[in-house]
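Colleague: Take a look at this one; I'll ask things after.
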Amino acid sequence: MNCKRKMLLLIQGLSLLLLFDHYSRKNQEEELELSDWFKPRGRPDVITTTSWLAPVVWEGTFSRKMLEKHYRRQNFTTGLAVFATGRLADPYLELFLNSANKYFLTGYRVIFYIMMDTFIKLPQIKWEPLRQFKVFIVTESRWWDNDVVRMKSLAKHIIWDIQGEVDFLFSMTVTQIFQNNVGVEVLGELVAQLHGWWYFKDRASFPYERRPKSAAYIPFGQGDFYYDGAFVGGTPQEVLNLAEEYLNGVIHDLGLRLNSSYEKHLNKYFFLRKPTKLLSPEYNWDADFYPPPQVQYVKVAQQSKRRH
């Protein structure tokens, strides 16, 4: 009897091992390799791969078909956080939401997190399928710098609400407007946006923080790219790490009576913690400037605040 029981346990153990091996192989088969979708030779006119081998996404460098084939099988949700307070809420929010509803991750589940300082009537938008929105009222004191308030509020809501609801999270400024499809090519663990203006300049001229005592300090001769703070993303945990590091940097600088911008702190963060994917200037082009030949396809335009 004892022998039979041992044999039964052995058979059960082998069955579990085979089952585990089957699902392990299946998951490996479903894993998307960079070479499956990224075609850097498609754009010889621009930088398509960083020195740490992260892809720089331009139109013409990715296979939308392969990406769609992979992500359509995945059960994921993406969050898009936008901060619309004060005078920026009325003239920009409706344009932002309408364009994002139309062009951002069309056909995939998206939760729009709208962060406002007062609860006003939201614009009437006919939401596409798989879309929903949530409004968070910003309670942080407004005497702080606007970026500090934004990132402090974002970090708080990632911890309290967002991290349990989405797999990817992006933070954008309300002055942006989507002009063409922004799809699953932007998804990644830690996604940075190249600055449209500074991408075409020499690194020596980048406006990094040069005061050694600042937490945002990057020495002369160092640095990779200049990143734009208007569009950042990744997993909720990575976005939370970025926000917390920025806030810690601000506190450090205040103690030394220094004041460095959010974008400079962001560039220091990406200098130390290399992004796993970079978005080309096509994903945030300044609408006041005519795009150069390299920017063939403007996906997102940054509107000028001077117009309002």
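Quick reminder: no glycine exception, Cβ is built from N, Cα and C everywhere.
What Swiss-Prot shows for this protein is this:
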ACT_SITE  Glu263  active site, nucleophile
BINDING   Phe83, Ala84, Thr85, Gly86, Arg87, Leu88, Thr173, Val174, Thr175, His195, Gly196, Trp197, Trp198  substrate binding site
CARBOHYD  Asn75  N-linked glycosylation site
TOPO_DOM  1-6  topological domain 'Cytoplasmic'
TOPO_DOM  24-308  topological domain 'Lumenal'
TRANSMEM  7-23  transmembrane segment
Colleague: Please report the number of other Cβ atoms within 10 Å of the Cβ of Trp198 (substrate binding site).
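Modeller: Other Cβ atoms within 10 Å of Trp198 (substrate binding site): 18.
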Colleague: Whole-number Å only: compute the distance from the Cα of Trp198 (substrate binding site) to the Cα of the residue listed as 'active site, nucleophile'.
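Modeller: With distance taken Cα to Cα, the residue listed as 'active site, nucleophile' is 13 Å from Trp198 (substrate binding site).
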Colleague: Taking DSSP as the reference, which of helix, strand or coil describes Trp198 (substrate binding site)?
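Modeller: Note: Trp198 (substrate binding site) is helical by DSSP.
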Colleague: Fewest other C-beta atoms within 10 angstroms of its own C-beta: which of the recorded positions Asn75, Thr85, Thr173, Thr175 fits that?
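Modeller: Among the recorded positions Asn75, Thr85, Thr173, Thr175, the sparsest Cβ neighbourhood within 10 Å belongs to Asn75.
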Colleague: Please report the number of other Cβ atoms within 10 Å of the Cβ of Glu263 (active site, nucleophile).
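Modeller: So the Cβ neighbour count for Glu263 (active site, nucleophile) comes to 19.
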Colleague: Could you tell me the C-alpha distance between Gly196 (substrate binding site) and the residue listed as 'N-linked glycosylation site' in angstrom, no decimals?
Modeller: 33
Colleague: How many whole Å apart are the CA atoms of Phe83 (substrate binding site) and Asn75 (N-linked glycosylation site)?
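Modeller: About 27 Å separates the two Cα atoms.
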Colleague: Tell me whether Phe83 (substrate binding site) sits in a helix, a strand or coil according to DSSP.
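Modeller: Once the DSSP labels are grouped into three classes, Phe83 (substrate binding site) ends up as strand.
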Colleague: On a C-alpha basis, identify the one among Asn75, Thr85, Thr173, Thr175 that is nearest to Glu263 (active site, nucleophile); the candidates are the recorded positions.
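Modeller: Out of the listed candidates, the nearest Cα belongs to Thr173.
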Colleague: Return only the integer: C-alpha distance in Å from Thr175 (substrate binding site) to Asn75 (N-linked glycosylation site).
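Modeller: Computed Cα spacing between Thr175 (substrate binding site) and Asn75 (N-linked glycosylation site) is 30 Å.
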Colleague: Starting from the Cβ of Phe83 (substrate binding site), draw a 10 Å sphere and report how many other Cβ atoms land inside it.
Modeller: 24
Colleague: Between Thr173 (substrate binding site) and Asn75 (N-linked glycosylation site), find the distance joining the two CA atoms and give it rounded to the nearest Å.
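Modeller: Between the alpha carbons of Thr173 (substrate binding site) and Asn75 (N-linked glycosylation site) there are 27 Å.
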Colleague: Near Gly196 (substrate binding site), how many other Cβ atoms are within 10 Å of its Cβ?
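Modeller: For Gly196 (substrate binding site), the 10 Å Cβ neighbour count is 24.
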